[in-house]
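Per TrEMBL, ATP binding site is recorded for GLY57, ALA58, SER59, ASP63, VAL87, GLY170, ASP175. Under the heading domain 'tRNA(Ile)-lysidine/2-thiocytidine synthase N-terminal', TrEMBL lists 54-237. What TrEMBL lists as domain 'Cytoplasmic tRNA 2-thiolation protein 1 C-terminal' is 285-315. What TrEMBL records for 319-348 is region 'Disordered'.
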Amino acid sequence: MPAPPCASCHASRAALRRPRSGQALCGACFCAAFEAEVLHTVLAGRLLPPGAVVAVGASGGKDSTVLAHVLRALTPRLGISLQLVAVDEGIGGYRDAALAAVRRQAARWELPLTVVAYEDLFGGWTMDAVARSTAGSGRSRSCCTFCGVLRRRALEEGARRVGATHIVTGHNADDMAETVLMNFLRGDAGRLARGGGLGSPGEGGALPRCRPLQFASQKEVVLYAHFRRLDYFSEECVYAPEAFRGHARDLLKRLEAARPSAVLDLVHSAERLALAPAARPPRPGACSRCGALASRALCQACALLDGLNRGRPRLAIGKGRRGLDEEAMPGTPGDPARAPTSKAVPTF
Ligand code: SF4
């Protein structure tokens with residue numbers, strides 16, 4: 001049976017049905033609609049003002065590849081300039097190949113690329129070294145917790161180096177819904193209370209961040225990459241199978257099978273979520289060590305690195321944070337009364 005005509009141009013045969021709307025479109029009309037929706041997200045949310053220098057967090061994966069490609073296409077409409085910033089976490093057998101994909105994209109699209117490495121920024125720590133350290137403490141399943149915090153800091157550092165005024169990341173609707181589910185499952189009222197807006201406005205001197213693909217489903221991101229013939233790296237990180245996120249992903253898939261709107265429902269519920277004032281996190285202040293935004297004595301990155309440097313990585317996450325913060329409170333950076341560290345604690 002021949003495919004129906006495209007519901008938009010009526011000239012070509014439809015090549016897909018949009019997963020949520022069921023609309024039958026040809027590849028060209030789908031890509032145009034996808035780009036128009038991202039443009040609407042950026043304009044309606046006032047995410048990227050004209051003149052912004054935008055650092056795109058580029059991992060080589062499908063999401064950041066699609067984001068960079070779409071924003072590049074929208075650059076004349078938005079009046080922005082783009083820089084690719086890639087983070088090398090130091091994951092053997094994975095990141096090198098992903099970075100190669102980012103370098104190909106930068107060359108093909110003629111976009112400047114800057115790579116920042118954990119090893120240089122965080123006193124010699126790579127993710128492989130973190131994984132070895134946490135394995136001994138029984139916290140190897142927490143690799144992504146460490147990595148997520150450090151990557152956020154590394155991306156901020158890379159963006160500052162290139163003079164960016166804004167940071168964009170490729171998180172899609174499925175990523176956001178998984179995060180909301182994870183926060184519920186962990187009972188993390190603080191993160192839930194921050195809601196799931198389109199990004200952060202740049203409190204405490206941090207650069208504003210946003211997620212222009214936040215309302216785009218993973219399926220449509222993949223379809224866009226397919227029809228635009230984008231070259232991206234699709235292998236999974238070696239530490240991903242251990243991540244708690246995988247359980248949230250499985251649960252979300254089952255929810256979506258029963259209720260197709262589950263992903264966007266979760267994204268929107270996080271946007272609207274308002275907890276009782278008592279459950280809201282304290283007003284963020286400055287990290288006592290590096291000065292970055294922090295809701296406790298140490299920011300998350302310094303807390304994690306402190307635990308690693310003491311050979312007690314479990315201190316740095318979960319309930320152990322309290323002990324770490326208490327230890328960190330009296331001292332100042334460089335205070336000899338602090339416990340000795342095996343590696344220099346970086347400044348940012
Ligand atoms: Fe880092 Fe986890 Fe992502 Fe691997 S899967 S790059 S460890 S956050």
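Even glycines carry a Cβ here, placed using N, Cα and C.
Mapped onto this structure are the features recorded in TrEMBL.
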{"residue": "GLY57", "record": "ATP binding site", "DSSP class": "strand"}
{"residue": "ASP63", "record": "ATP binding site", "DSSP class": "helix"}
{"residue": "VAL87", "record": "ATP binding site", "DSSP class": "strand"}
{"residue": "GLY170", "record": "ATP binding site", "DSSP class": "coil"}
{"residue": "ASP175", "record": "ATP binding site", "DSSP class": "helix"}
Span of the ATP site, taken as the largest CA to CA distance across GLY57, ALA58, SER59, ASP63, VAL87, GLY170, ASP175 (Å, rounded to a whole number)
19
For the domain 'Cytoplasmic tRNA 2-thiolation protein 1 C-terminal' (285-315), the number of residues DSSP places in helix, strand and coil
13 helix, 4 strand, 14 coil
Rank the binding-site residues ALA58, VAL87 by the number of other Cβ atoms within 10 Å of each Cβ and report the first-ranked residue.
ALA58
GLY170 (ATP binding site) has its Cβ surrounded, within 10 angstroms, by a count of other Cβ atoms equal to 24
Any same-chain residues 6+ apart from GLY57 (ATP binding site) with CB under 8 Å of its CB? Would you list them in sequence order, or say none?
SER64, VAL85, ALA86, VAL87, LEU155, ILE167, VAL168, THR169, GLY170
Among all the protein chains here, how many other CB atoms are within 10 A of the CB of ASP63 (ATP binding site)?
23
